[in-house]
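The annotation site 'Discriminates between blocked and unblocked aminoacyl-tRNA' is assigned in Swiss-Prot to Asn12 on the grounds of sequence analysis. Annotated tRNA binding site per Swiss-Prot: Tyr17, Tyr78, Asn80, Asn126, in sequence order. What Swiss-Prot lists as active site, proton acceptor is His22. Residues annotated as site 'Stabilizes the basic form of H active site to accept a proton' in Swiss-Prot, with sequence analysis given as evidence: Asp105.
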Amino acid sequence: MSPSWLVIGLGNPGPRYDGTRHNVGADVIAELCRRAGEKLSPARGQRAELVRTRLSSAGLGVPAVDAQTVILMRSRTYMNESGIAVSKVASFAGITPDHLIVVHDEIDLDPGRLRLKKGGGDNGHNGLKSIRAHLRTGDFIRVRLGVGRPPGHQDPADWVLARVPARQRAEMGVQVALAADAVESIIIQGLAAAQNRFNS
């Protein structure tokens, strides 16, 4: 069965970036894979790691519906080239922008906050900027995880590329799990229902 959705979690590749604020989107993909009992694998010629799986309404507390076939994806490019991988995979799988979900960090939301939206600008986020450029549209769904702004005069780039302190990791883990719930809700129940439930 052809996939009906593509979900990408933005982040930078390699262990150097594991646990950073900028990689929280990729952490959500890892959580969705864990729930599905799946692992990402390199996709030949597409500069991405991905897995095709099925999501159902089992964990959402809503009536059962037909499971949806989705591609869960993490780019193997750096953040500012995310659009290269997204456009390749979307084109290959026949996914249109309205069935693309991009999960990413958002400095204009406080830590722990979650916001779902469709369309809009890139707000200086280089991953979103690259995806918009390569798809030639910003008309895709975003799951935005708040990481907050840096204190004082710290460079925002240094802030998002820093690892989350140990004392905040539990809170971040809760946020990642909630964002994974939100992705499942968008796919099974639709964006409006998911926004009503998860926007904070």
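The backbone N, Cα and C atoms fix where each Cβ goes, glycine too.
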Among Asn12, Asn80 [recorded positions], residue with fewest other Cβ within 10 Å:
Asn80
Maximum Cα-Cα separation in Å among residues Tyr17, Tyr78, Asn80, Asn126, which the record lists as binding tRNA:
16
Look up Asn12 (site 'Discriminates between blocked and unblocked aminoacyl-tRNA') in the DSSP assignment and report helix, strand or coil.
coil
Cβ within 8 Å of the tRNA site's Cβ centroid: which residues qualify beyond Tyr17, Tyr78, Asn80, Asn126?
Asn12, His22, Thr77, Met79, Glu81, Ser82, Gly127
Which of the recorded positions Asn12, His22, Asn80 has its Cα nearest to the Cα of Asp105 (site 'Stabilizes the basic form of H active site to accept a proton')?
His22
So if I measure Cβ to Cβ from Tyr78 (tRNA binding site) and keep only same-chain residues at least 6 apart in sequence, which ones fall under 8 Å?
Asn12, Pro13
Does Tyr17 (tRNA binding site) have same-chain partners at least 6 apart in sequence with Cβ under 8 Å from its own Cβ, and which are they?
Gly11, Asn23, Leu161
For His22 (active site, proton acceptor), what is the secondary structure state per DSSP, taken as helix, strand or coil?
helix
Can you give me the Cα-Cα distance between Asn80 (tRNA binding site) and the residue listed as 'active site, proton acceptor' in Å, rounded to a whole number?
12
Including all protein chains shown, what's the count of other C-beta atoms within 10 A of the C-beta of Asp105 (site 'Stabilizes the basic form of H active site to accept a proton')?
25
Counting across all protein chains shown, how many other Cβ atoms sit within 10 Å of the Cβ of Asn126 (tRNA binding site)?
17
